[in-house]
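Annotated features in Swiss-Prot:
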- 105: Mg(2+) binding site (BINDING)
- 161-251: domain '5'-3' exonuclease' (DOMAIN)
- 172, 173, 181, 183, 186: K(+) binding site (BINDING)
- 185-190: region 'Interaction with DNA' (REGION)
């Protein structure tokens, strides 16, 4: 079985860079990132590995909703200037890059999904909870900084909903970290209660006459935001990827 280690590049590198005493020390960063990747390769023993990077193009999510990820700190200049050098260094050490046009998330989701379609296994190295919507048993999520798997069961317990309801939950409650609006006035607690009764976002709106009047009013007024939030949260898993597995094989 092909076992593909897919590293969310900026999710890993920005955390490592932020912990450095000197943010301009790109040589030190290269060594630290490579050390982290060696540790990942040694632990997971994949047949293939790649690090996926965000691109500079405006994402379709940002084009759809201007406030998406608004307020996030920009990438430090020293890190931005050192990325090309970092990627080349990692390639020299048997870890090739995939450069997304905009957000890496959809490329990672597509690659992981394609792996499962050929009976492969994908291990996504990222702390981004959005990947928990990829619930195929052959897709796993690894938190490098806490050295443990981010399991579907843990996320279900944390949010209070089933894995099949993750997107519906965020469409209702929103996601402050990514500035996903959700339905104004419907917080996490209300979202959980509604999904326990009606099971899905579609069922909630199809049964709006069975919802209490106050909540029904909020839901009706926030219907467009719910639809928008659902789109923003949902990962694309069918992007065209011009890559060949052979490019990313790890020589044992």
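Here the Cβ of each residue, glycine as well, is placed from N, Cα and C on the backbone.
Counting residue by residue with DSSP, the region 'Interaction with DNA' (185-190) contains 3 helix, 0 strand, 3 coil.
Compute the center of the Cβ atoms of 172, 173, 181, 183, 186, which mark the site for K(+); besides them, the chain residues with Cβ within 8 Å of that center are 171, 174, 182, 184, 185, 187, 190, 191, 222, 225, 226, 229. Looking just at the domain '5'-3' exonuclease' (161-251), the mean pLDDT is 97. Cβ-based neighbour count (10 Å, all protein chains) for residue 173 (K(+) binding site) stands at 23. DSSP assigns the residue listed as 'Mg(2+) binding site' to a helical segment in the three-state reduction. Shown in sequence order, 172, 173, 194, 215, 218, 219, 222 are the residues of the chain, 6+ apart in sequence, with a C-beta less than 8 angstroms from the C-beta of residue 186 (K(+) binding site). Within its own chain, residue 181 (K(+) binding site) has 65, 67, 174, 225, 228, 229 as residues 6 or more apart in sequence whose C-beta sits under 8 angstroms from its own. Listed in sequence order, 8, 128, 130, 131, 235 are the same-chain residues six or more apart from the residue listed as 'Mg(2+) binding site' with CB atoms under 8 A from its CB.
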